[in-house]
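Visitor: Let me give you the structure first, and then I'll get to my questions.
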Amino acid sequence: MKLIAGLGNPGKKYERTRHNVGFMVVDELSFRHQTPWKKSKFNGMTSEIIVGGEKMILVKPLTFMNASGECIRPLMDYYNIPIEDVVIVYDDLDLPVGKIRLRQKGSAGGHNGMKSIIQHVKTQEFNRIRVGVSRPLKGEVIHYVLGDFPKAEQPDIIAAIQKSADAIEDFAQTPFIEVMNKYNQK
């Protein structure tokens, strides 16, 4: 069993924002597999998919970004999912729009959702997919990440969401290191 967490903020107001690209990836997986979202007792929405015989629990924390770990850790404990079977998907300002980067460990890199998860799981060594949203040319980062993708960026971000979902489906049957090597070269 795997736990795939897409990070974002709950509510219509944030639905299509850069900061919610993690939600968009797990929504894509739920859509592909035609599985419903259900409210979890761990302050999140969950959906279960089966890929190649492997159950994957998709989660969208409802805690708001900065408290994502408060949802992830209890789900890991409840389902007895080891850290190596967890993937966190989130937005990254340091990658160009549409680029994805898979890693098995690393710091939070200034991302508050990742800081919360690292604090709650007590390690930086877990799988993650960073989805590029780029940096603003000027202005405050907070307004930028809480803004929607402009029309010109939509084809690139849609491709990145689909590629991220493909990588997660591959992870059902393939060690993350191999998935990482495959998708980081594209």
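Quick reminder: no glycine exception, Cβ is built from N, Cα and C everywhere.
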Visitor: Write down the one residue from Asn112, Asn127, Asn181 that Swiss-Prot lists together with Tyr14, Phe64, Asn66 as binding tRNA.
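Guide: Among the candidates, Swiss-Prot records only Asn112 at this tRNA site.
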Visitor: Could you name the residues, excluding Tyr14, Phe64, Asn66, Asn112, of the same chain that surround the tRNA site, i.e. Cβ within 8 Å of the Cβ centre of those residues, in sequence order?
Guide: Asn9, His19, Thr63, Met65, Ala67, Ser68, Gly113
Visitor: Among the recorded positions Asn9, His19, Asp91, which ones place their C-alpha within 10 angstroms of the C-alpha of Asn66 (tRNA binding site)?
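Guide: Cα filter at 10 Å returns Asn9.
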Visitor: So if I draw a 10 Å sphere around the Cβ of Phe64 (tRNA binding site), how many other Cβ atoms end up inside it?
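Guide: The answer is 16 other Cβ atoms.
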Visitor: Can you figure out which of Phe64, Asp91, Asn112 (the recorded positions) comes closest in space to His19 (active site, proton acceptor), comparing Cα atoms?
Guide: Asp91
